[in-house]
Amino acid sequence: MATKPGVLTDWPWTPLGSFKYIVVAPWVVHSTYRFVTDDPETRDIGYSLVFPFLLFRILHNQVWISLSRYYTSKGKRRIVDKGIDFNQVDRETNWDDQILFNGVLFYTGICLLPEAKQLPWWRTDGVLMAALLHAGPVEFLYYWLHKALHHHYLYSRYHSHHHSSIVTEPITSVIHPFAEHIAYFMLFAIPLLTTLLTKTASIASFAGYIIYIDFMNNMGHCNFELIPKRLFHLFPPLKFICYTPSFHSLHHTQFRTNYSLFMPLYDYIYGTMDETTDTLYEKSLERGEDKVDVVHLTHLTTPESIYHLRIGLASFASYPFSYRWFMRLLWPFTSLSMIFTLFYARLFVAESNSFKKFNLQSWMIPRYNLQYLLKWRKDAINTMIEKAILEADKKGVKVLSLGLMNQGEELNRNGEVYIHKHPELKVRVVDGSRLSAAVVINSVSKATKNVVMTGHLTKVAYTIASALCQRGVQVSTLRLDEYEKLRSCIPQECRDYLVYQTSEVLSSNKVWLVGEGTTSEEQEKATKGTLFIPFSQFPLKQLRKDCIYHTTPALIVPKSLANIHSCENWLPRKAMSATRVAGILHALEGWEVHECGTSLLPSDLDQVWEACLSHGFQPLLLPHH
């Protein structure tokens, strides 16, 4: 929002929220009906193609968003180093408003203007006219309109909304108040209306011009340099007629330079070209990938989780993952992504952050949670994890934390197999068990005298049970086999605090520590108001409305941890899983040992918890009941 919002700031359909798309629904239905029922000889193809064209523009923009986030996360050719935050993502969520606006205008124009009906596929004279009109009047008028928008009166009421994003993403290009979009469309309508009135318009000239605007807008705001230097050497005048991402990035960081739309010619003419433009361009082109200190290695969960990645749907990724209705409509893309990940087995950088003096990255293995549970996939998956660890070691990474793929002894003995196989590793491998256990224990009130523990037992569960018993907290189990397993890992002098109980005495247990495999029948045994705290990395299915469900082990990150603008799986905003934090903490504290394997270290839990708090990480508050 602008600092002093002016008239026509909000879009007319803002009150409709997610139902805003109904504004074009009548035309979509009517054009589809006409396409089906009209005679092929008299069918208006242009009218029928408006809706598919709108969908294509959405897809085009989404491809740019994904490319930009992918390349900027690696650091290569990145222009501005600063990160973005949730405020920017929220501000830019409704980037499709301008596509909706254009759709309304296109449909209206076709209905009202006889010249807009029955357009041919191609007319060379119309294409050339549109190109010349853009290079002349449109670029010239935009330059002066843009300068006017930087006058303090208009800037504070309108254009400051766009400049709230110092670090740009492709969709930043269309984040303007409604009034600005009206002015921009009036400019861009000059070639379109002129070709219509001279009867030289065609479907190609209309679609090509709009695609050109979208492409250049997205490129100029993508925050990584992609135009090769040899193009300017081969054709030197190109620098006057085609801008670069670094050119426009300077406008967002310096504000009073580089006003041109897509052709820097007018900045050269009127002396507003930033003097560091060429330097920044060359510096960005030469920039290599970031040096990484800490890597968090994780994988996809469900087929739909591909959309929740930072490089997926930006606004969707900025909220905790949950299945949405629109995912049913995306099943063709979901299926394609599954096929792609089946054959493309290379890991990729999903996210990058920085904290204090360390650069952090999340590496994603393109495999789903189900595949990790298949025994016949065990060797292949372990090979992929091993390659990731070796690559991190080769790149000089200090610490690598194992995320969701750490499925316990069944897969890789909590990462121990890699350490034994490669004793020369310099990178420290961390499974996060200590911090996960510490988070769970500190989620339990100090006044609690007894808890229930159930579900598939992991290293974290054994550590928690042992630590609680040593602190005098009674740990009750619902399954005899769990009781026997836990008893073997608890010191002799504390075993009296571990008990195997029946459902008749569960009424006094208001805190349940649960893992994967906790059944619905076991949940039903809990009394009203019970607090379920997961010790596993996957959340418990919430079956009881009269109980409280805590998140999986996680912490709130410090404000100084930069570039946090997406949610990690089901965790709330600004929260990070304990396994991921454990890797960061390992590097911050300079611990030179691996933290993985099957051994239990309950005596170190207080140390790791205090270290965590000292660096600004905070426990998640209990959810409201």
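Even glycines carry a Cβ here, placed using N, Cα and C.
Here is what TrEMBL records for this protein:
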- 45-67: transmembrane segment (TRANSMEM)
- 127-145: transmembrane segment (TRANSMEM)
- 136-272: domain 'Fatty acid hydroxylase' (DOMAIN)
- 182-212: transmembrane segment (TRANSMEM)
- 329-349: transmembrane segment (TRANSMEM)
- 451-619: domain 'Very-long-chain aldehyde decarbonylase CER1-like C-terminal' (DOMAIN)
In the same chain, who gets a Cβ under 8 Å from the transmembrane segment (329-349) while lying at least 6 residues past its ends?
70, 73-74, 297, 300, 303-304, 306-307, 361-368, 384, 387-388, 391
Given a Cβ distance threshold of under 8 angstroms, which distant residues of the chain, six or more beyond its ends, lie next to the transmembrane segment (45-67)?
24, 27-28, 31-32, 34-35, 95-96, 99-100, 102-103, 106-107, 110, 116-119, 121, 169-171, 203, 206-207, 210-211, 214-215, 218-219, 222, 311-314
Quick test of the contact rule: Cβ under 8 Å, at least six residues beyond the ends. What residues does that give for the transmembrane segment (127-145)?
183-184, 187-188, 190-192, 194-195, 198, 200, 202, 204-205, 208-209, 212, 241, 259-263, 265-267, 270
Residues of the parent chain within Cβ reach of the transmembrane segment (182-212), under 8 Å, 6 or more residues beyond its termini
8, 45-46, 49, 53, 57, 60, 101-102, 105, 113, 115-116, 119-123, 125-127, 129-131, 133-134, 137-138, 141-142, 145, 176
Residue counts (helix, strand, coil, in that order) that DSSP gives for the domain 'Fatty acid hydroxylase' (136-272)
95 helix, 1 strand, 41 coil
